[in-house]
Amino acid sequence: MNLRQQITQFLTLAYVFSSAFMLWKTLSVIANSHSPIVVVLSGSMEPAFQRGDILFLWNRENRQKVGDIVVYEIDGKSIPIVHRVLREHHNNEKQLLLTKGDNNAVDDLSLYAKKQQYLNQKEDLVGTVKGYLPFIGYVTILISENVYFKYGMLGLLGLSALFSNE
């Protein structure tokens, strides 16, 4: 492979990655969420959502209602949680929410940060679920949980890049 072909391959790869990044940032701005698409990682929301479902989020509502399915993050924890709003309170123009997984026996109070009794709608929520695609996100779960699958995928990608004729 000559230098021109290598540069073309590199630029094509850079174009693909930059296009994906721009699409992600565009979705983030439209949905008003730093993470407009998330994958369900546990069975706590069954039967509504299964592990591996991809959720599409929207964070432009000023208020959530009891029964809405929201995604939130807790300080000190990196994985967002998908649960349903169980109760809401208002405190000095702030909407405070208590959530619970559909498949859980108790509310999420034990999941919240220390001394936190409710979620602050403006600070803790990533977004409200507006749509989903079943099981498509399972690939990301396999990649993160199975080392052999991850390295197998990387190996296949490397081999395809190495042996491509374009």
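Using N, Cα and C of the backbone, Cβ positions are placed for all residues, glycine too.
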Annotated region 'C-terminal short (CTS) helix' segment (source Swiss-Prot; candidates 20-31, 152-163):
152-163
Could you round the CA separation between His83 (active site, charge relay system) and Ser44 (active site, charge relay system) to a whole angstrom and send it over?
8
Rounded to an integer, what is the Cα-Cα distance in Å between Asp108 (active site, charge relay system) and Ser44 (active site, charge relay system)?
11
Mean pLDDT, the topological domain 'Lumenal' (31-166)?
91
For His83 (active site, charge relay system), list the number of other Cβ atoms lying within 10 Å of its Cβ atom.
23
